[in-house]
Amino acid sequence: MVLKIFFPQCCNTADSGLLVGRWIPGHNSAVVLAVIHYPFIPGQVKKYLSELQSQTQVDLTVLGSWSMPKEGQEGMDSFLKDLSTIFPQKCWLQLSREIGKRGFTCQVVQNNGKLLQDQEQKNGDDKIILIHYDQRKVMLSQLHPVQDVGQKSDVEPSELRLVFLTVAQSQPLFFLDKYDDGPLKLTHWQSEGREASIIAELLKQVSVPVCIFLTWLLSLWHWLCSFRMLHLRPVLFISSKLSTCVQSGYRAVHFKTVFSPKKAARHMEFMRKANIFVSFLVDIALGLLLILWLYRENRISKLADTLVPVADRVAKELQELLEWLMGAPAGLKMNRALDQVLGRFFLYHIHLWISYIHLMSPFIERILWYVGLSACLGLTFALSILSDIVALLTFHIYCFYVYGARLYCLKIYGLSSLWRLFRGKKWNVLRQRVDSCSYDLDQLFIGTLLFTILLFLLPTTALYYLVFTLLRLVVVLFQGVIHLSVDFINSFPLFAIGLRICRPYRLAEGVKFKVLCQEPGTPLHLMMEINPLKCSSVLQCYRMPTYSCSPKDSWAALCKKLFVGELIYPWKQKTAKTD
Amino acid sequence: MGADSGPGAPAAVPWRKVLYERQPFPDNYVDRCFLEELRRNIRVRQYCYWAVVRETGLIAQQVSCVAVFLTLWSYMEQGDLVPSAVLWVCLGCALLGYGLYEILGGSCVRERTRLADLQSSTIFLAFTFGFSPVLKTLTESVSTDTVHAMSAVMLLAHLVSFPYAQPSPPGSLSLNAALFGSVCLASRLPGALHTFTMLSCAVLVFALWPCLLHRMREKAEWSFPWAAVLVCLAGVRGLGSLWPEGALLLLLALLTLTLVCPLLLVHLQRHKDNIHGPWDEAEIREDLSRFLN
């Protein structure tokens, strides 16, 4: 049986005293947390330990004795042996170190008085391994994959996890430092003096009222949004389409998480809060940078001045495209009458659109100025507004696409049905298959006429549909790029990555051991170092869930929809559950 | 293993033609009564030559119908026929045919009322008249060769898929193919009225004439051959006025179809070799209508 003792590095040079720690249940190992020095009163030690036990829920006990004899302290050994009677234990550890030597000696006394010695001749199986660990790092570190303390899991926590948990939960033990005037003198990582900074303390004090205030503001906002007027169908529909409203709703949810006055109990909650807060700060910073850049050198008015000519240009290009379609595009033979009808119809729409833009042109600069200010709410807002502006400016393209798609879809549907009539068959809706059918004379006649008409008009409609679908796809692609970048800013866990880079020991994937000292006659000394989590695992673990705009259909489904003429909305957003 | 050739066949146990019992014979053993129930050519009919010739008249007259229609179209395209005159003639023929149909079918129970017939004809006329301007411009951008090829294919499909056994409700594919071909041809004519006229002719020739012919065959058996001959002559004559060589070809084709093919059929009957046996599907021969009422 191998006995593992986890020994903190800070206690390597501590004076002699009692070892305080915990026996890991189920495994043959012990974690040493601190050393209590002489002089002490055993009763007070026991009282202190039971106080701590009720505070931390960790079963702290006296593990054994530690002796590092200085000058004038010989004769401690027998004293140390007698201590085991005062603190009755199953196993009593006696660690001792001599000045000048690297290794410790360790003796384990069992309850029944049997001595367990680390000598290879006697019992080759019984070995003692001393694992040194950096107490502060292990205390702050979190082992991944994260298993919550309160959660019932099927897997028994491993030995390593129990060690980390023990050190993390024993924080109150480390509050007593050497400047405290108590009856006990301890040595642990903080015994040289507790670290604290005034700013951190002030922030902590201030943050609670600030959080309460912000939560109250948020509830006010929610109350505003819950007006009945805003829940009418048209308003709901528009607000679900405008990405600005979606983004603001999303941010409201974020704020609710971040500004709740309750302290984050679990590691994951804490990381989530921190991630949201940091990404929000970065967002705002980027937005402010954008504002600085936009409002300098009168860029807004320059932008407004170029906007109307750009819209005009787009409309003119569309007009030219339609004229080309109404002629003989690419040498294809189109049905002249239908061509003229469709072309004139779309041209009229463009004419309407141009008039509208010209009507709005005096106000554009003002509107842009105020809209640009909204970037102070974050870069994501600015990008959402850009996406919405693009959608509004290309609304006519969207309209044309819908007209063309509907016409084409109707035609395809009619053609397939009439083709079945041509062959004398019918679609059986009950059985979902094609059956033969005997038609009446007039049904046959009219069916054939319509089939002929639809068939010969197909190339014209298909060409218009193709052209407008391509245009629409270009716009959709552009919007998709914007949405992807907004999504990226929203969901990237900046805080976690920063933590991984600056304090890699806080996100631990495992440990690695280094051999410190391997001399015969002393136990094996290992140094435990924390293996930080890989960056890709950090991303995977802490990535925030967003309304991810992944494409809704696969490529094959998309092609099929395009062919049949169904309307496509490739970047469908996952709507948040409305409660 | 043939009958009676099984070397290890004990004669004590007779062989039964079952596979669900273990028998001392191998699985592919057969005995003396193998293929006793085989029958050959039990349903072969003896054809009489002239009866077959009479029946072939239907096919011949259908081919001539197509020829007549093409002649009409050709004349209208050249501008020799005035559409209004043709329209009046068509109307007259339709009324005549309808009257004949009613007279011949006097004793039959009518499936459709006169009102339903009137409704059908109104729908047809309205639709065709309304759509004729659209139909006229349909094939403007298609080249003439393509149009002619399409029509030829469609009319051929019509001839091939025509339900010669039961022509009275006209088959879907044949009627549709004929109408499609006629729309393709009609869209090449100079005016919308021409298109309308052409389509009316097409409906008369391809949809209504077979019904009348069938009724004539049922009620007045003697009139059928005369009608068929009349149509064939009209077809040949019409084609002859446009293209004499074509008329000659048509005549030859009709003669082959009517006289030579039945000869082949009758002559080749003696090579028929159908085998029937207990493996055929069961056919119900009884008249079960006595159970219906």
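Backbone N, Cα and C define each Cβ position, glycine as well.
Now, the feature entries from TrEMBL:
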type	residues	note
TRANSMEM	B:47-73	transmembrane segment
TRANSMEM	B:85-104	transmembrane segment
TRANSMEM	B:116-135	transmembrane segment
TRANSMEM	B:195-212	transmembrane segment
TRANSMEM	B:224-243	transmembrane segment
TRANSMEM	B:249-268	transmembrane segment
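The transmembrane segment (B:85-104) makes contact with the transmembrane segment (B:195-212), as judged by at least three Cβ pairs under 8 Å among residues 6 or more apart in sequence. Among the listed stretches B:116-135, B:195-212, B:224-243, B:249-268, the one sharing the most Cβ pairs under 8 Å with the transmembrane segment (B:47-73) is B:224-243. If you look at the transmembrane segment (B:224-243) against the transmembrane segment (B:249-268), you find at least three C-beta pairs under 8 angstroms, all six or more positions apart, and that counts as contact. Through the fold, the transmembrane segment (B:249-268) approaches residues 47, 49, 52-53, 56-57, 59-60, 63-64, 67, 232, 235-236, 239 of its own chain, all at least 6 residues removed from its boundaries and within a Cβ separation under 8 Å.
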